[in-house]
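Engineer: Annotations for this protein, taken from TrEMBL, read as follows:
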- 18-40: transmembrane segment (TRANSMEM)
- 52-72: transmembrane segment (TRANSMEM)
- 79-95: transmembrane segment (TRANSMEM)
- 101-119: transmembrane segment (TRANSMEM)
- 126-150: transmembrane segment (TRANSMEM)
- 156-175: transmembrane segment (TRANSMEM)
- 201-239: region 'Disordered' (REGION)
- 205-222: compositional bias 'Low complexity' (COMPBIAS)
Amino acid sequence: MSAATPTPRRRPVTLHDLVLLAVLAVVFGFLYWALVQVWGWLQVAMGPMGDLAQNVLIGGWMVVAPLALYIVRKPGVGIVVEIIASIVEVVFLASPVGPTLILVALIQGVGAEAAFAATRYRRYGWWVFVVSGITAALANLVLGMVRFGWAGQDLFALRVGFQFASGILLCGLLAKVIGDALLRTGVLDNYAIGRAAREAERATGRATEPAPTAAPEQSTQPEVSARTRPDESSGADNP
């Protein structure tokens, strides 16, 4: 689908949408919890720079927000699904981060959704997902500067680099890749992403449809039979 293709007329959130959002929240709640375990291992592996492990992985904890927006295309769904995923982590999986994680999820969801809101939820090209990853990473970075005083630390520049790279790759672009892969399977045909894809295909078909060819002009001159003698065709009397 073209990045410049606008979404068709937006419909209200349906029960069908809500079920999908709940499934995404639960699945990614478990994946987020698993990523916390990876975080612990990566901290050890990075040695003296282990504190930067969270910045390397941060995009992975925000990916469900742009993914939900890509599929459902309704205002607020990115924020809601990010919060529900964090609740799954805290309540059902006993995340070591604790209840504070819900506030973090709210801020990250707002950051991820800001890029789509700026387009009025009409654009879903690659560049929008890149910006979504950047704004989500920025929101989390500001929160970390307030909570942990990152700005005054020696590794701040490196932390910022990891943070934005992770936001772009593991949040924005990964959400686009996952959404496109699911779309190709056909499981999303009845959601906004599927309807938009069909509309884009129809528009492309109309644009590339060849113009009808004109029928060949028929001669207005009477045909002369091959068996007619020249003197007969001229109307001359026979001798």
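Quick reminder: no glycine exception, Cβ is built from N, Cα and C everywhere.
TrEMBL labels come from automatic prediction, so no person has curated them.
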Engineer: Have the transmembrane segment (126-150) and the transmembrane segment (18-40) got at least three CB pairs under 8 Å, pairs 6 or more apart in sequence?
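Structural biologist: Checked: the transmembrane segment (126-150) vs the transmembrane segment (18-40), no contact.
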Engineer: Check the transmembrane segment (52-72) against each of 18-40, 79-95, 101-119, 156-175 and return whichever range has the most CB pairs under 8 Å.
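Structural biologist: If we count Cβ pairs closer than 8 Å to the transmembrane segment (52-72), 156-175 scores highest.
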Engineer: Can you tell me which recorded stretch out of 18-40, 101-119, 156-175 has the most Cβ pairs within less than 8 Å of the transmembrane segment (79-95)?
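Structural biologist: Per the Cβ under 8 Å count, 18-40.
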Engineer: What parts of the chain pack near the transmembrane segment (156-175), using Cβ distances under 8 Å and only residues at least 6 beyond its ends?
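Structural biologist: Distant Cβ neighbours of the transmembrane segment (156-175) are 49, 52, 55-60, 62-67, 70, 112, 126, 129-134, 136-138, 140-141, 150.
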Engineer: Where else in the chain does the transmembrane segment (18-40) make close Cβ contacts, counting only residues six or more beyond its ends and a cut-off under 8 Å?
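Structural biologist: Beyond its ends, the transmembrane segment (18-40) has Cβ neighbours at 53-54, 57, 60-61, 63-64, 67-68, 71-72, 77, 80-81, 84-89, 92-93, 95-97, 191.
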